[in-house]
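**Student:** Let me begin by handing over the structure; questions about it come next.
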Amino acid sequence: FNLALRNSFRFIAKPCAINLGIQDSGPHRAQPNAILEKVFTSITKSPDGKRLEGLSKQLDWDVRKIQRWFRHRRNQDKPTTLTKFCESMWRFTFYLSIFFYGIRFLWTVPWFWDTRQCWYNYPFQPLTSRLYYYYILELAFYWSLMFSQFTDIKRKDFLIMFVHHLATIGLITFSYMNNMVRVGTLVLCLHDASDFLLEAAKLANYAKYQRLCDAFFMLFGVVFIVTRLGIYPFWILNTTLFESWELIGPYPSWWLFNGLLITLQILHIIWSYLIIRTAYKALVRGKVSKDDRSDVESSSEEEDVTSNSTKGVFSTSSNGSNRINGHVASGQWTEE
């Protein structure tokens, strides 16, 4: 259902994109060439120096021209800006809606103000309809993200995101089955607090509103670091590690539950480092520039022949077409 809703949302997002001047045009397409196409589809998408030399002799092409062909060929399979805009608009809508739904719901419950309430009378705690739908919506969304990873362009942080989705789905399912839904709602709401800001920055970037994009990204970075490195460990992990131990003792699933939560914290630290590095580059260059999350190769990333290439060694791009989930090249960022 979630995947169907995501696809149908394009009928809303596409007119918005067109009104903002976003065209449904992709990267420059590679010149048709049967030999290079066979190598690309059957052997490798990023040939090494030895193979480049062989292709150069076979086609009587300059090595740099062949490198440029492979770069264009890799890029032409990537989604267009319009497609990315529609996807980000869908995520922005979901994250914003579910965040405000969570805040509105949690504002009226006692465990939002006192985390010890998460463990009183455990496991005999009622499951209300509002709490149930909150959980089901979040679980369905993360399952859709898990499946879409295998159909979307594979990015450099594929493994990190795969682990994140597994940990998230595992936590939602595990906490639901063990009736730990109270603390589960706190974790969900905290994670939704910054995600819609990142999607807003992406939308601004696709629409070429660079200053708005930079502002949203900086705000996202601040909220992300405060919530994931501040509130999460001192509020969430404190209650799951210490308050739960004190109030209900070391229950059988305590180690697994906290292991998953600590896995998320490790991922938070990795992403915070990447965000801080991107913000630093923005301060140095005057705007949010290309960071490590691009999925499009820029022309400046051409594989150059080394000055002393007598052995046929070339300085090829090690990342291929993949960078860390969500950002673009050529002086912009945050594409997904």
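Count begins at 1; order follows the chain as displayed.
Glycine is no exception: its Cβ is also placed from the backbone N, Cα and C atoms.
Reproduced below are the annotations present in TrEMBL:
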| type | residues | note |
| --- | --- | --- |
| DNA_BIND | 38-81 | DNA-binding region |
| DOMAIN | 36-80 | domain 'Homeobox' |
| DOMAIN | 83-284 | domain 'TLC' |
| REGION | 291-336 | region 'Disordered' |
| TRANSMEM | 92-112 | transmembrane segment |
| TRANSMEM | 132-151 | transmembrane segment |
| TRANSMEM | 158-177 | transmembrane segment |
| TRANSMEM | 216-235 | transmembrane segment |
| TRANSMEM | 255-276 | transmembrane segment |
**Student:** Based on DSSP, tally up the residues of the DNA-binding region (38-81) by helix, strand and coil.
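**Tutor:** Grouping H, G, I as helix and E, B as strand yields 31 helix, 0 strand, 13 coil.
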**Student:** Per the definition of 3+ C-beta pairs under 8 A with sequence separation of 6 or more, do the transmembrane segment (255-276) and the transmembrane segment (158-177) touch?
**Tutor:** yes
**Student:** Mean pLDDT for the domain 'Homeobox' (36-80), rounded to an integer?
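**Tutor:** Overall, the domain 'Homeobox' (36-80) comes to a mean pLDDT of 83.
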**Student:** Six or more residues beyond either end and a Cβ under 8 Å away: which residues meet both conditions relative to the transmembrane segment (216-235)?
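**Tutor:** The answer is 115, 186, 190-191, 193-194, 197-198, 200-201, 204, 264-265, 268-269, 271-272, 275-276, 278-279, 282, 288, 333-334.
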**Student:** So which residues does the transmembrane segment (132-151) touch in its own chain, when a touch means Cβ under 8 Å and the partner is 6 or more beyond its ends?
**Tutor:** 1-3, 6, 94, 98, 101-102, 105, 158, 161-162, 165-166, 168-169, 172-173, 176, 181, 184-185, 188
